[in-house]
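Summarising the annotation, TrEMBL assigns domain 'Manganese/iron superoxide dismutase N-terminal' to 27-108. Look at TrEMBL and you will find His52, His100, Asp185, His189 tagged as Mn(2+) binding site. Annotated domain 'Manganese/iron superoxide dismutase C-terminal' per TrEMBL: 115-218, in sequence order.
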Amino acid sequence: MLCRLASAGRSSAKLIAPLGCLVSRQKHTLPDLPYDYGALEPHINAEIMQLHHSKHHATYVNNLNVTEEKYKEALAKGDVTAQVSLQPALKFNGGGHINHTIFWTNLSPNGGGEPKGELMEAIKRDFGSFANFKEKLTAVSVGVQGSGWGWLGYNKEQGRLQIAACANQDPLQGTTGLIPLLGIDVWEHAYYLQYKNVRPDYLKAIWNVINWENVSSRYAACKK
């Protein structure tokens, strides 16, 4: 949305327009899942999906809206100290919202198998084989200390795929510059009710529901 000022000088517009955009923005909302909570069973059960989506993701959305309201007030007051103090909450809750919004679309009851076309060719080019790629992303995801994410991203500057891990809810692109294609949530709330503390079992199962059509679409989009 383009923010405009009806009667202000050019210099004033430059200062006020960003605040006007923030004031007029709509609040973030919890996206609907493109499938039922139980659609990914037996690999991820309905109870996990319901709690993960309707409770955890919803909390990130709510806290992000609250934080942005506080940030808007700090901007209006010119309170730089308050703006700085709110940055961790923006990063955590904003990242949580970004990451989960991608995650839900990366999964599908009709998923699994292997990707096709350009994505598969890129995986073979950058990792040697699909099996090597799968092994490396699994290992990186297993190795996340505490809570975080394993990612397949696209390095636009180098024109290649890259695997990375992010702690907590750090968003991939905002912290590494990589464009997110496939994210694997390894917070315990993503698997504990079904897999207890055995993260490798969860990671073995999740490959059965990866939505390669979605990942391929993301890859095609980021190359344009």
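Backbone N, Cα and C atoms are what each Cβ position is placed from, and that goes for glycine too.
TrEMBL does not curate its annotations; it predicts them automatically.
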Subject >> Nonlocal neighbours by CB distance (under 8 Å) for His52 (Mn(2+) binding site), same chain, sequence gap 6 or more >> reply: His100, Asp185, His189, Ala190
Subject >> Env. residues of Mn(2+) site, Cβ within 8 Å of mean position of His52, His100, Asp185, His189 Cβ >> reply: His53, His56, His57, Phe103, Trp187, Ala190
**OP:** Identify, among the binding-site residues His100, His189, the residue whose Cβ has the fewest other Cβ atoms within 10 Å in this structure.
**Re:** His189
Subject >> C-beta crowding around Asp185 (Mn(2+) binding site), within 10 angstroms >> reply: 25
